């Protein structure tokens, strides 16, 4: 099976028929990632209906003002479900001034602590905030997780790998001006690599301008296989195994021995 490690398959972005089309792709494993409490609930509802869909629950830095003690308690309950495999997406984003940096920093720490309590990996969103992201992770001492839609360069990816994280790349890799990101990909070992669409965003070339969907992850696999000089079947199986290794709770409902043999 082919893995899209990060997508937002929600009614906010897709029609009901589009969602059904996505979810019924039996050869595709999708990690549906929440950005606030309501989308986290929606992701778990989808995951509960389909064996090949998994849920990640958390509060995005741009929605961090929605995080309070009641929300944390509700998130913790969602994280206890067998189909919820990670806390996320959480982190820091200084690209737009939509929420206060101090609120983002506090919210990131609170959700890392939640991951520690539930022994789940974290799905990290970090944009224009690398130093602060790393500083908090080092201070909290939690290195179980994934840097999603990695958007930094070679030196940054070396640091992330040294800390023990997996690295996930999106369709940004295919953008003509992002040779820096392609250089970062080249040094990521296959056994620490994940691939994603971040649907409905970041549609890969040659589909730029259209709404992204998890099925388009195949374009990213083709691109990465060519860039790293590996057979596509090998890449499918390796990324699939990586997914079940870092999101190990997924093995409770779909063992990687079965899922990754079908890649």
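Glycine too: its Cβ is placed from the backbone N, Cα and C atoms.
Note that TrEMBL annotation is computational and uncurated.
Positions annotated as divalent metal cation 1 binding site by TrEMBL: 6, 8, 89, 198. Same-chain residues at least 6 positions away in sequence with a Cβ under 8 Å from that of residue 198 (divalent metal cation 1 binding site) are, in sequence order, 6, 7, 8, 148, 149, 170, 171, 212.
Within the same chain, residues at least six positions away from residue 125 (divalent metal cation 2 binding site) with a Cβ under 8 Å of its Cβ are 60, 61, 88, 89, 90, 91, 92, 93, 148, 149. When secondary structure is read from DSSP and collapsed to three states, residue 125 (divalent metal cation 2 binding site) falls in the strand class. Residues or ranges marked as divalent metal cation 2 binding site in TrEMBL: 125, 148.
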Specify the count of other C-beta atoms within 10 Å of the C-beta of residue 148 (divalent metal cation 2 binding site).
-> 28
Taking 6, 8 as the binding-site residues to compare, which has the smallest set of other Cβ atoms within 10 Å?
-> 8
